[in-house]
Amino acid sequence: MNLLIMGLPGAGKGTQAAKIVEQFHVAHISTGDMFRAAMANQTEMGVLAKSYIDKGELVPDEVTNGIVKERLSQDDIKETGFLLDGYPRTIEQAHALDKTLAELGIELEGVINIEVNPDSLLERLSGRIIHRVTGETFHKVFNPPVDYKEEDYYQREDDKPETVKRRLDVNIAQGEPIIAHYRAKGLVHDIEGNQDINDVFSDIEKVLTNLK
């Protein structure tokens, strides 16, 4: 089975990816792992990626696409299939992936799209607060401290609502054309992500069992 998993930050994509890999024994291909492996093994694309990262520069699309192609060319993929997680991030990368899969003779069989309302993601992602003295982490809504006094807690810049909203807006703008691209191919399976983790996986499991 050859799959993509998509969803906004905080939608539970990583959790569900781990469950899919465990249940269906496909190779989990996450962007971060792929980059680390390519650099550690000093592949042609890995060496190139490292040269950009060492200079603090963004890795260009063609290098990222090359690293994905290197990974998808490996023997285990033919045996197990794959779950791509964190790629493609742009419509240009989606077109590059189409080309790579065609060249390798691999067919993409499904795109799992975990849908969660952006407003509830904003609440989920921007609620984290940290105690100034103890460093303990709490959540304003889901795990509030018993003796909450606003002055005793702070938020990291990354967790502030305006920062989170910007991040979500960017992800929505980049993700929508990708979903539309795969929807036109009849590959997208929308999964309601605003429910218990196990219920989300149960819905995914039904979809994937029918694909097998």
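The backbone N, Cα and C atoms fix where each Cβ goes, glycine too.
Here is what Swiss-Prot records for this protein:
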BINDING   Gly10, Ala11, Gly12, Lys13, Gly14, Thr15, Arg128, Thr137, Phe138, Gln195  ATP binding site
REGION    30-59  region 'NMP'
BINDING   Thr31, Arg36, Glu57, Leu58, Val59, Gly86, Tyr87, Pro88, Arg89, Gln93, Arg156, Arg167  AMP binding site
REGION    127-159  region 'LID'
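Recorded residues Gly12 (ATP binding site) and Tyr87 (AMP binding site) have their alpha carbons 16 Å apart, per Cα-Cα distance. Counting neighbouring Cβ atoms within 10 Å of each of the binding-site residues (Arg89, Arg128, Phe138, Arg156), the lowest count belongs to Arg156. Annotated pair Phe138 (ATP binding site) and Glu57 (AMP binding site), C-alpha to C-alpha distance, rounded: 34 Å. Tyr87 (AMP binding site) and Gly14 (ATP binding site) are 13 Å apart (CA-CA, integer value). For Tyr87 (AMP binding site), the same-chain residues that are 6 or more apart in sequence and have a Cβ closer than 8 Å to its Cβ are Ile29, Thr31, Met34, Thr64, Val68, Gln93, Leu97. The C-beta environment of Val59 (AMP binding site), restricted to residues of the same chain at least 6 apart in sequence and closer than 8 Å, consists of Phe35, Ala49, Tyr52, Ile53. Each residue contributes its Cα atom, and for Glu57 (AMP binding site) and Gly10 (ATP binding site) these two points are 26 Å apart. Arg89 (AMP binding site) and Gly10 (ATP binding site) have their C-alpha atoms 16 Å apart, to the nearest angstrom. Long-range Cβ contacts of Gly10 (ATP binding site) within its own chain (separation 6+, distance under 8 Å): Val116, Leu121, Arg124, Leu125. Distance noted between the C-alpha atoms of Arg156 (AMP binding site) and Arg128 (ATP binding site) is 8 Å. Ranked by Cβ neighbours within 10 A across all protein chains shown, the binding-site residues Gly12, Gly14 are led by Gly12. Gly14 (ATP binding site) falls within a helix when secondary structure is assigned with DSSP.
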